[in-house]
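If you look up TrEMBL, you'll see 1-26 marked as signal peptide. For Cys87-Cys92, Cys127-Cys162, Cys390-Cys393, the entry in TrEMBL reads disulfide bond. Summarising the annotation, TrEMBL assigns FAD binding site to Arg183, Thr185, Trp196, Ser248, His251, Arg283. The active site, nucleophile annotation in TrEMBL covers Cys390. TrEMBL lists Cys393 with the feature active site.
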Amino acid sequence: MIKSIKSIGLFVTPLLLLTLVLTSSGINEYQLTGVLDDCFCDVESIDVFNNYKIFPKLQKLQERDYFRYYKVNLKRPCPFWPDDGHCSIKDCHVEPCPESKVPLGIKSGNYNKYSQEANHEDDLEDCEQSNKLGAVNSTLSNQSKEAFIDWARYDDAQDHFCELDDETSPEVQYVDLLLNPERYTGYKGPSAWRVWNSIYEENCFKPRSVYRPLNPLAPTISGDNGESFYEWLEGLCLEKRVFYRLISGLHASINLHLSAKYILEDTWGNPRWGPNTKEFNLRFHPAYTKGEGPRRLKNLYFLYLIELRALSKVASYFERSIVDLYTGNMEEDAATKNLLLDILTDTKSFPMHFDEKSMFAGNKKEARSLKEEFRLHFKNISRIMDCVGCDKCRLWGKLQTQGLGTALKILFSEKEIQSLPENSPSKGFQLTRQEIVALINAFGRLSTSIKELQNFKYLLHDNR
């Protein structure tokens, strides 16, 4: 264990040693320790790396203007079943951000595709009239401009793992993520379970004859404790196992957020939010989940590794001088990019990354077919997010699925990223501002989940 800590360059303090003791003994019943399935990384190393190195920086980055405003359509109809009504609980409500509050550079469309020379207020008028191509830097050569226009016309739908909102729709709105935090809203019951049931039962490569543990909408089979499901899962190819673990990890992360930001009391319209150990136990303790809880939490760590790997892979995209996280405030933009690059450098230093090259590595024709099936299944899940009845849950569900979809797009675009030109756009690989915002905030949610898990370890240890 100490070897793992040294490998990421951290000084072992008494507080850190106490954390390791709590991890290994204070939460024994959760069996949350050791090496994860399908990779060579251990839980303890991720805890130390995240909680003491990445988490504090991510918190600061998510507060920056570029990353706090997310454009989303919360009114798209559910494509799979009739609308069963929206959540009427007040905490389900999302407060849209008036456009007057959104930084001018973000509204202008001059997101991240050109160098700092374009970032002058004099260019904003030209920016708004650039036919939705963004403001092409006047210092770019004609060849670069043509490449930029080619990219704008390039149909990259084959690379998308998510159903993207149409940003030109009148129903799309900006949301300030800091003013609409993810937390427990009271949205639950058949409507919520219908969403997750559709995700697991119809999109995780699972035959209906194999029952997922603790699915309240499936018939109960006498004597089946869920182990038959895992016997079936282990018999799948790596890619399909990975798909299930990603979805399970996302579900676990969301449940952790709801347990950590639970409404503890609401006196005179002044609610107090905080960790609820009872709710945490109901969602994760082996005794309440037929042994399923620890597996869910390990899948959270697995998902963290996947998105961490994607960030390390996409670092070279952001390191180019042409990429600018543009809001219209040059000082703010420079500080934001420097902080992002600092975080990406940290992600590259992690010594136990998931090896995505082990996926889709067999027969080329079969690998292509499996990758496409993988992509379409995940794209379908992103569409299911439009069936969530609680607006705040829908907001964060859409953001986190888009973030994961962007991470998958990155992992499957390694060659394109490696061949990116330094000073001009490329049609081979691009990220929109929405994808960038979703990628960072989705990873921020996973980072927060692992940090909150540490807090629950302390609370459960103190309550023993």
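Here the Cβ of each residue, glycine as well, is placed from N, Cα and C on the backbone.
Here nothing among the recorded positions Cys87, Cys162, Cys390 falls inside 10 Å of the CA of Arg183 (FAD binding site).
Spatially, by CA atoms, the binding-site residues Thr185, Trp196, Arg283 include one closest to Cys162 (disulfide bond), and that is Trp196. Rounded to a whole number, the distance between the Cα atoms of Trp196 (FAD binding site) and Cys87 (disulfide bond) is 16 Å. All protein chains considered, the CB of Ser248 (FAD binding site) has 24 other CB atoms within 10 Å. Taking Cys92, Thr185, Trp196, His251 as the recorded positions under consideration, the smallest Cα distance to Cys390 (active site, nucleophile) is found for Cys92.
In sequence order, His251 make up the list of same-chain residues 6 or more apart from Trp196 (FAD binding site) whose Cβ falls under 8 Å from its Cβ. Candidate binding-site residues: Thr185, Ser248, Arg283. Nearest to Cys92 (disulfide bond) by Cα distance: Thr185.
Same-chain residues at least 6 positions away in sequence with a Cβ under 8 Å from that of Arg283 (FAD binding site) are, in sequence order, Asn255, Leu256, Ser259, Thr289, Gly293, Arg296. Largest Cα-to-Cα span within the FAD-binding set Arg183, Thr185, Trp196, Ser248, His251, Arg283: 21 Å. In the shown protein chains, 19 other C-beta atoms lie within 10 A of the C-beta of Cys92 (disulfide bond). Within the same chain, the residues at least 6 positions away from Cys393 (disulfide bond) whose Cβ sits under 8 Å from its Cβ are Cys87, Cys92, Thr185, Tyr187, Ala192, listed in sequence order. The number of other Cβ atoms within 10 Å of the Cβ belonging to Cys87 (disulfide bond), over all protein chains shown, comes to 21.
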